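Over in Swiss-Prot, the protein carries these features:
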type	residues	note
BINDING	Leu123, Gly127, His128, Leu129, Glu248	(6S)-5,6,7,8-tetrahydrofolate binding site
MOD_RES	Lys232	N6-(pyridoxal phosphate)lysine
SITE	His231	site 'Plays an important role in substrate specificity'
Amino acid sequence: MVGYIGNVDIGVFDAEVANSMSAELERQNTLLQMIASENFVSRAVLQAQGSVLTNKYAEGYAGSRYYCGCALVDVVENLAVERLCRLFGCKFANVQPHSGSQANQQVFMALLKPGDTILGMSLDCGGHLTHGAAPNVSGRWFNAVSYGVNRDTGLIDMDEVEALALSAKPSLIIAGASSYPRRIDFAAFRAIADKVGAYLLADIAHYSGLIAGGCYPSPFGHAHVVTSTTHKTLRGPRGAVIMTDDEEIHKKIRLSVFPGMQGGPLMHVIAAKAVAFKEALHPDFKLYAQQVLENSRVLAGVLSSEGLDVVTGGTDSHIVLLDLRSKGVTGREVSSSLERAGIVCNKNAVPFDTEKPWVTSGIRLGSAAETSRGLGVPEFESIGRLVAKVVNACSLGQEKMSAAEAEVRREVNGLVRSLPMSAFPVCEVC
């Protein structure tokens, strides 16, 4: 019999991967994780995702699989669907999409045909690649028209949305964003969609945890269909879901997901989604969402008081977007400097940005992950001052920038040492 290495620990069998995992744990533990699309999952979510369910192939849906031996994974998928519907108060849900981008594509496939017109937010004003950006499938398969924000306020220009909808007659309108910090008026979007006979897709990838926690407007009752990732403010594994109250749309989406765009679902990830949904149904999750919002508003306030340009002047979500043009520095420069100082964020386009996407004129900060770590208002006040110190130093030359980075790094070390992430060990070497 050929020897099987299935019972060998990763630290023994593959030290290179094990060491990388340990190093990544150390990185997450010792730096402030301020990327708005990231969060820290619980030990229970990690246990589900690292379970034996990864061994099971289960093409199809619960009760209608193409493989035998699926009775137990059916239980898991049904739990995920039931919990998700209960969490958002929707009638139908599909928990199989592997990612948010795929979920959006699956909606397009279900409701549109190539060449149809879609109306979504432009990338530089806060939209996502899948909302019609030229390099993306959504911008290549469809006639993509983009709306933006008011140049003075930074808020979505609903008059422009309506004018574009009336002239372009889109088949689908997308309400959602990846770097828009304010509330989205889903009811107003639906009214416009109804005027032109369009479907309304709400992409709540960034806001879903806040919606579940009652801290952000819900699209349900307005949008025909809703997509979300599960790993941002919802604090679950990397993946996505599609929800609707319309049974006919639900049936089309089922076929679009499988067999349209995916084969076997990732049952270990669906199990982790089910666990995350149960966590989000707990009363404590509302407190978490409230703290995420309070922390981001405190952060925005401190940054503004330190003389930095906060896009829209504040936030209604976990996102804080900084426009760096008045400082004469780029998002790439500042995000790199902040990382050296122990604060991890991402460079980001700001409204009407003229820099290249890999340079940008802004940075995006998020409060979700560090709120999960346990940081509150005092810590986020400190983080705001530390970010401002680095940003201001970036325009003063290499020597002052390096000095600021070193000073801030020492303060970050003190913050993270007081609140290590205890949920993370997933193997002996980690």
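All positions are counted from 1 along the displayed chain.
Keep in mind that glycine also has a Cβ here, set from the backbone N, Cα and C atoms.
Nearest to Lys232 (N6-(pyridoxal phosphate)lysine) in space, judged by Cα atoms and limited to the binding-site residues Leu123, Gly127, Glu248, is Gly127. His231 (site 'Plays an important role in substrate specificity') is 16 Å away from His128 ((6S)-5,6,7,8-tetrahydrofolate binding site) when you measure Cα to Cα. Sequence-distant contacts of Glu248 ((6S)-5,6,7,8-tetrahydrofolate binding site), defined by Cβ-Cβ distance under 8 angstroms and a gap of at least six in the same chain, do not exist. Rounded to a whole number, the C-alpha distance linking Leu129 ((6S)-5,6,7,8-tetrahydrofolate binding site) with His231 (site 'Plays an important role in substrate specificity') is 18 angstrom. Pairwise Cα distances among Leu123, Gly127, His128, Leu129, Glu248, the recorded (6S)-5,6,7,8-tetrahydrofolate-binding residues, top out at 31 Å.
Gly127 ((6S)-5,6,7,8-tetrahydrofolate binding site) is 18 Å away from His231 (site 'Plays an important role in substrate specificity') when you measure Cα to Cα. If you draw a 10 Å sphere around the CB of the residue listed as 'N6-(pyridoxal phosphate)lysine', it holds 28 other CB atoms from the protein chains shown. Summarising the environment of His231 (site 'Plays an important role in substrate specificity'), the number of other Cβ atoms within 10 Å of its Cβ, over all protein chains shown, is 25.
Neighbour counts of Cβ atoms within 10 Å were taken for the binding-site residues Leu123, Leu129; the minimum is at Leu129. For Gly127 ((6S)-5,6,7,8-tetrahydrofolate binding site), the same-chain residues that are 6 or more apart in sequence and have a Cβ closer than 8 Å to its Cβ are Gly120, Met121, Ala133, Ser146, Ile174, Gly176, Ala177, Ser178, Tyr180.
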